[in-house]
Amino acid sequence: MQSVATNNITKTRNAHWRDYLELTKPRVVALLLLTAVVGMCLATEELVSLKVLVPALTGIGLMSAAAAAINHLVDRHIDAKMARTLRRPLPQGNLSPAKVTTFAASIGVIGFVTLYAWVNPLTAWLTFASMVGYAVVYTMFLKRATPQNIVIGGLAGAAPPLLGWTSVTNEINAPAVLLVMIIFTWTPPHFWALAVHRAKDYARAKVPMLPVTHGIEFTKTCIFLYTVLLTVVCLMPFLIGMTGMIYLVGVSVLNAIFLAYAWKLKYSPSKKTAFNMFAFSIWHLMLLFVILLVDHYV
């Protein structure tokens, strides 16, 4: 099956719009845009103007989608060897590399121009740096070079709250950086839980994820330690007076559940514990930012 998928990379049919949509990783981009919206809202006591909100989300969304499409393009041969990614458009031959390149470049340029012209140059360049960080630095180099790939490369994926903040303020301020640090610290336990679940896939594709290079048990220890660190970082918005009791109670519950998953994965795992932790981590981040928003306006 994998050899057929590999051969299909050069055999394309008429692309369906769903193939292009899949290139953009819409669920990932939706989560990124949620964090960007929260960044915007926390930057002001007033409601965010639609004149800022619409072009900012359009530009950030398009450039995030472009980065995702480049990731599909660069990783197409790796994806053909992994069960989780085998059905993506490029391994299946639904799209050609040339079409994906054109698509990514087009939406990336439109996104940058939108931010530069209708939001502000600072946000445009920061979003561009984030796109390059993920699509080039992480995907092309770090992912293939070091088991710390997602630790270093995670900074690019953590940028959207800052991008939302600068869309409103045109400044980089400490609260926005703290929001970035929450996602940056969240990223390793999120991805390493998936890597533990899919360790054989990554080994087959020769991707040096931590479970492949250092073993499952070492990775579980790192996941637990990073989850403890995440718990501390998540408390910082309350400790510095950025949020109130609604956030403290909500994030404490989320952190307790996340820590419970990390503990179980380390000391009494079942077959599905790693994947369940990965799945919950997405809810953790999404709900954390929703709680930030509720706390800000209530």
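Even glycines carry a Cβ here, placed using N, Cα and C.
Now, the feature entries from Swiss-Prot:
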- 28-48: transmembrane segment (TRANSMEM)
- 50-70: transmembrane segment (TRANSMEM)
- 95-117: transmembrane segment (TRANSMEM)
- 121-138: transmembrane segment (TRANSMEM)
- 149-169: transmembrane segment (TRANSMEM)
- 176-196: transmembrane segment (TRANSMEM)
- 222-242: transmembrane segment (TRANSMEM)
- 243-263: transmembrane segment (TRANSMEM)
- 274-294: transmembrane segment (TRANSMEM)
Practice item. Go through the chain and flag residues at least 6 beyond the ends of the transmembrane segment (149-169) whose CB is under 8 A from any CB in it; none is fine as an answer. Key: 32-33, 35-44, 48, 52, 56, 60, 64, 67, 115, 119-120, 122-123, 126-127, 129-134, 137-138, 142-143, 175-177, 179-184, 187-188, 191-192, 208-209, 289
Practice item. State, in range form, which of 28-48, 176-196, 222-242, 243-263 has the highest count of Cβ pairs under 8 Å to the transmembrane segment (274-294). Key: 243-263
**Study point:** Residues of the parent chain within Cβ reach of the transmembrane segment (243-263), under 8 Å, 6 or more residues beyond its termini
**Key:** 189, 193, 223-224, 227-228, 230-231, 234-235, 237, 273, 276-277, 280-281, 284, 287-288, 291-292, 294-296, 298
Review point. Are there residues at least 6 beyond the ends of the transmembrane segment (222-242) whose Cβ is under 8 Å from a Cβ of it, and what are they?
Key: 42, 175, 178-179, 181-182, 185-186, 188-189, 192-193, 196, 210, 248, 251, 254-255, 258-259, 261-263, 265-266, 277, 288, 292
